[in-house]
């Protein structure tokens, strides 16, 4: 009976492994696997024991509270249909505690390598598209070769993959010298791929990741680590700028956009984001505590936009997760969002498991950065990325 239970638990854990491989490729298949895992959790019972194993995890409680606030926000929203759609997107975070119940510590490397194999396949396809070996697929372009997802999501995925490889090289003593040499080559290939695409937020995330990893490597020599990081990041940035037309053009565009904004030309990518923030802050000032409700961002923004910037199109997304959450749920919602990152950081610093300690600190910092540029816990791919890694990085192992 004990052996049978162990076999069932292994099968359940390997479903998470399969999810880690498949979700970057397909929304539909990823959703089917996630639904299957959820059904297994429902029908296997032991829900009291499951709750007992999770209720001491402050990150899990923070996640439940965050989703609950979106549910509560339906009470004071006017656009119920939009509110329900928003709630459905945020409810994906509820997969975190469900996945945690299937996670096994002995399978940590499986979860990591499933994702790395998946990203390796995507990078090969990306290069094949870039060099014209195969035609663009799944919305990719030869000038922006990001198969299966947009560059907004692709580069954050790539950054996480590069960090995982660096962790295996620098901090994982179970890896052979041969493996570490191979992983180093893959890091180089992934990094080159990063700069033939156009995802600026993911590229900023990449440089932050390099800084963090360098400081972690010189853990006992913090000043040396900061100095090396302060040299290494600008060095890599300058190499990328001088060798990648995509990267240099995108960086130059930011400078040009800011100059145009100062000249009162707001119809640029950066200019529109600044306008979105300004108009959203006015909504927040009018609804500071509880916000406008789960579904009313678009409606309220259109009113402010028509008053302040009628020459510009309204938006349903201010391209900033903190701003969007605060408009919808007020300061209470913002505090709840920040609590996710806080409790992830707290759990990582108290863990004795090196992966939890290092990657567990890196993940909330990186997401904290990119959420300044878009609603990364609202988009499907990046929310699933957050769910997948949070489920085994922040589980409290016995």
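Including glycine, each Cβ sits where the backbone N, Cα and C put it.
Keep in mind that TrEMBL annotations are predicted by a computer and have not been checked by a curator.
Annotated transmembrane segment per TrEMBL: 15-43, 59-78, 111-133, 153-171, 180-196, 202-218, 225-243, 321-343, 355-373, in sequence order. For 186-337, the entry in TrEMBL reads domain 'O-antigen ligase-related'.
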Candidates 59-78, 111-133, 153-171, 180-196; stretch with most C-beta pairs under 8 Å toward the transmembrane segment (202-218): 153-171
Candidates 15-43, 111-133, 321-343, 355-373; stretch with most C-beta pairs under 8 Å toward the transmembrane segment (59-78): 321-343
Outside the transmembrane segment (111-133), six or more residues from its ends: residues with CB under 8 Å to it: 16-18, 20-25, 103, 140-142, 145-148, 154, 157-158, 160-161, 164-165, 168, 186, 189-190, 193, 196-197, 388, 392
Spatial neighbours of the transmembrane segment (180-196) far in sequence, C-beta under 8 Å, 6+ residues away: 119-120, 123, 126-127, 130, 145, 155, 158-159, 161-162, 165-166, 168-169, 202-203, 206, 236, 240, 243-244, 246-247
